[in-house]
Every structure is written in structure tokens, then in C-alpha cells.
Amino acid sequence: MQVLTTIQELKDFKKSLIHQDTLGLVPTMGALHKGHQSLMQKSIQQNTHTIVSIFVNPTQFGPTEDFNKYPRTLEKDCEICQKLGVSAVFAPQITEMYQKEDEITLNPPKSMGYVFEGFVRENHFNGVLQVVLKLFNLIQPHFAYFGQKDAQQLLILKRLVQDMFLPLTIIPCETIRDADGLALSSRNIYLSEEERTIALEIPKALQKMETLFKQGCNSSKELIAQAKTCISHVELDYFTITDYNLHITSTPKHNEAIALIAGKVGKTRLLDNLWF
Ligand code: AMP
């Protein structure tokens, strides 16, 4: 496995590929866990080569967010990638990815990018779009793998591909959870033991919602009210049900809706969702 840190090294790696090879890209911010690994495994299964990018992207963090303290474990991450059979890791410095002070930026659709996560985290999706478009242009993958865990990000990136006619396909990957139900996240390490127990209110609420939906309840109001009975200590930012355009829906339908939940436990923000 090659570890590439410059754009030139990336270009040389690309040159070494054969015309009929397919290339899968798994963009990450590192601190790799089993959730990331499931994306990597899917890409490895489906492509001749898989490249994993590891880059803690400054432009998607707000000024008061955890950019500086975000976990950085490159050596361990590379070992994981190598063991799984990744062809290359692309782990550039910030100055390699952002070469100018004042760069062109991208805005998400107003109706998708400034609600929920985009409301709580100002300009978060502008930064996500900027870095992902850079990665797509540099790496030119045939397929790019993103987790359903970050539902709003996934839906906005699908729009990036559609709206900009990008020649690649986004592959959504299901959320991987710990045995207790908590969705894996690089930020879970911030949780104390007590906070982790509180955090479990989130998957419990979503599980209750799923059970009720499967039993025939299709009123968002009722589903949210019932699910909220599981939440007593998590400080909710939002808990809502939308369609795939992120429009709030009163009657979720199978394969057409998602419940989005986010909240704080202590200082840690947690994000989860249910795809109906
Ligand atoms: P991150 O490193 O947090 O930017 O995540 C990189 C990719 O991994 C994103 O596409 C995430 O949606 C995905 N991801 C993060 N956590 C999980 C999880 N628990 N299960 C599946 N995918 C995940």
C-alpha cells in the first residue's frame, strides 16, 4: 500500500493504474473505526483499487468547533487500511489541499444546506463541498463511498454529483453500530462512561421509531412524540422526519424518508438517523 502525501505522488499513483481498472474512493477524516472500514470493504469488493483519503478538513469546522482536538491517528489508520487491502492512502497537508488564501467556494442548495446540521454548524456544508470536489477532481474515482450515518452530507453530495454532472457514482453505505446500538463515530472517544450511557438514548429512540413504523404508524407527529419519550438527558438540537430533499414530511414512506436526530451529551455532539 502506498501512502501519498502530495498531489504529485497522487498523480504518479494514478498513472500506474491500467485503463480498465476501476477506482473507489473512501473520503475520511481519519481516526478510522469499523464504520469507515465497512465503506472501505465495500469499495475493495467492488473495485480494482481503493484509495482512502485521510484529511481533517479545516473549512468544514466552525471557529468554536473541535478542529484542533479532532483525533489524528495516521499511523494506526494506515495499518488498518493496509490490512484491509487498500491500494493507497492519500493524506495531504492542509497547504497541499488549500494553496491560496481566498479560494472559490461552493454553496449547497439553500433548502438542504442551511437546515439541521447546516443551521447548527454555519457553513459546514460549504466546506464539505469544497473539499470533496477537490478530492473528486484530484482522484477521479469511478465510485465514492459515503456513510448513511451522515445523511444530510450524503444527500447534499449526491446533489453535487448531479448538479455539476460529475462523472462518478456515489455509493451509500449503512451505519455501523457498537453492540449497544451507538452509531460508531470518531467523536465517541470524547464521551465519559456516564455520557456514553446517556448517548444510548439516541439509538433507543430511533429503534422505537422504527418498530412503530413497522407496526403501521406513519404519522411523523406520533412517531416523534413516542420516540422522544426515550430522550431525557440528551440536549436535542433537532429530531425530525424529512424526505430525501430534506423537506419535513408528515407521513414518512418506506424508502422515501429519514428521521434525523442530533444533540449534545456534555460537550460532544452526536448525530444519528433512521432510513425508513
Ligand atoms: P468522517 O471521518 O467522520 O468524515 O467519516 C468518513 C465517512 O465515514 C463518511 O462518509 C461517514 O458518513 C462514514 N461513517 C462515519 N461513521 C460511520 C458509521 N458508524 N457507519 C458507517 N459509515 C460511517
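The backbone N, Cα and C atoms fix where each Cβ goes, glycine too.
Record features, source TrEMBL:
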BINDING   29-36, 147-150, Ile176, 184-187  ATP binding site
ACT_SITE  His36  active site, proton donor
BINDING   Gln60  beta-alanine binding site
BINDING   Gln60, Gln153  (R)-pantoate binding site
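Shown on the structure are the features that TrEMBL records.
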| residue | record | CB count, 10 Å |
| --- | --- | --- |
| Met29 | ATP binding site | 18 |
| Leu32 | ATP binding site | 25 |
| Gly35 | ATP binding site | 21 |
| His36 | active site, proton donor | 27 |
| Gln60 | beta-alanine binding site | 21 |
| Gln148 | ATP binding site | 18 |
| Gln153 | (R)-pantoate binding site | 22 |
| Ile176 | ATP binding site | 17 |
| Ser186 | ATP binding site | 19 |
Could you check which of the binding-site residues Leu32, Gln60, Gln148 have their CB within less than 6 A of ligand 1?
none
Write down the Cα-Cα distance for His36 (active site, proton donor) and Met29 (ATP binding site), rounded and given in Å.
10
Residue among recorded positions His36, Gln60, Ile176 with Cα closest to the Cα of Gln153 ((R)-pantoate binding site):
Gln60
Fill in the CA-CA distance, Leu32 (ATP binding site) to the residue listed as 'beta-alanine binding site', as an integer in Å.
18
By the DSSP assignment reduced to helix, strand and coil, which category contains Leu32 (ATP binding site)?
coil
The residue listed as 'beta-alanine binding site' and Ile176 (ATP binding site), distance between Cα atoms, whole Å:
23
